[in-house]
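Annotated features in Swiss-Prot:
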TRANSMEM  22-42  transmembrane segment
TRANSMEM  57-77  transmembrane segment
Amino acid sequence: MSWRSESIWIEFITGSRKTSNFCWAFILFLGSLGFLLVGTSSYLGRNFISLFASQQIIFFPQGIVMSFYGIAGLFISCYLWCTIFWNVGSGYDLFDRKEGIVRIFRWGFPGKSRRIFLRFLMKDIQSIRIEVKEGVSTRRVLYMEIRGQGAIPLIRADENFTTREIEQKAAELAYFLRVPIEVF
């Protein structure tokens, strides 16, 4: 989503609150809880899950391994739920032609760098760069090349834009900023 006028362009960035992240966190939580229940039921010798008898799974080594996978999955699921709760990666890109300033803001993990705020002068922008890597896992990323700072990604690599959409976005942004486009 974006908002645009003659002199200001604001591009809102979605972050980790995506439907796919909710689905993966939920599936991972249920799966790891199931593994932990099976491992615990094999240790205690009781049936917590009525699909099979607890005697079918011996605690050493299958029960230990299933408990380990369950605990590891719960940690990963907790990490995913925390990134969703904190909305890590969300923010905005603000391009202001009137003031000649570019502001990039992203939310990070709690701590010193929770708020990531970058500020550049528009005259320091060298180009808008499109990087396309074709293959099994196609990757298309849009960068802003800053003099003395390097390349700053404007679009995340996991966002599935078509080549045409990336080119369109790069062309509009380059026209707005009055800088050239580079393709790699």
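Any Cβ shown, glycine's included, is placed from N, Cα and C.
For the transmembrane segment (57-77), the list of distant contacts is 25, 28-29, 31-43: same-chain residues at least six beyond its ends, Cβ to Cβ under 8 Å. Counting residues 6+ beyond its ends, the transmembrane segment (22-42) has Cβ neighbours under 8 Å at 48-49, 54, 57-59, 62-74, 76-77, 80-81, 84 in the same chain.
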